[in-house]
Amino acid sequence: MAGVEATQPAQGYISKTNSVPTEGYDKKCIFCRIVNNEMGTELLHCDEEISCFRDIKPGAPHHYLVVPTKHVGNCKSLSKEHVPLVKRMVDTGKEILQKNNVTDLSDVRFGFHWPPFCSVTHLHLHVLAPASQMGFVSRLFYRLNSYWFITADQLIELLNSKGETN
């Protein structure tokens, strides 16, 4: 896993691909660079809000990373206002699975590594399928109910509860 790198986004960066100022771009963030087509990584989905690409070290036969197109910090930095974003990330993950002929959504894992256990500080949803075919090490890295991995549903529940406690 790569080291955690805390950086501030460089506002107003000009993307190499479209020459439009990109708000929320962090030139030191590997995922920002992937989304801006600076790394040669195939984007399976890309729009103004969400992007998706294959994980470089797949933990399952289908392992995708769904990220906000603009730089957003890790899941600990999110608030209740981010719930629609997280839901859209999950929906995009489901769409990518369906495009790749994964139809059994009961054998899929959607989740986030909980800081400090995330290797990249850009918010990213792991989409793994079929979960039943994950190897021993992957079952540890993406283990349910652990200190280091939280499901998308758990994160949404946590974010929704943040507004109720204030």
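Keep in mind that glycine also has a Cβ here, set from the backbone N, Cα and C atoms.
Values in this document were obtained by computation on a predicted structure and should not be read as measured data.
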Among 12-16, 87-91, 122-126, 132-136, where does TrEMBL put the label motif 'Histidine triad motif'?
-> 122-126
Give the residue counts of the domain 'HIT' (30-139) per reduced DSSP state, in the order helix, strand, coil.
-> 39 helix, 24 strand, 47 coil
So what's near the motif 'Histidine triad motif' (122-126) in sequence-distant terms, Cβ-Cβ under 8 Å and 6+ beyond its ends?
-> 26, 29-32, 55, 59, 63-68, 71-75, 78, 86, 89-90, 93, 109-113, 142, 152
Residues that sit under 8 angstroms from His124 (active site, tele-AMP-histidine intermediate) by C-beta distance, when 6+ apart in the chain = Phe31, Leu65, Val66, Val67, Phe112, Cys118
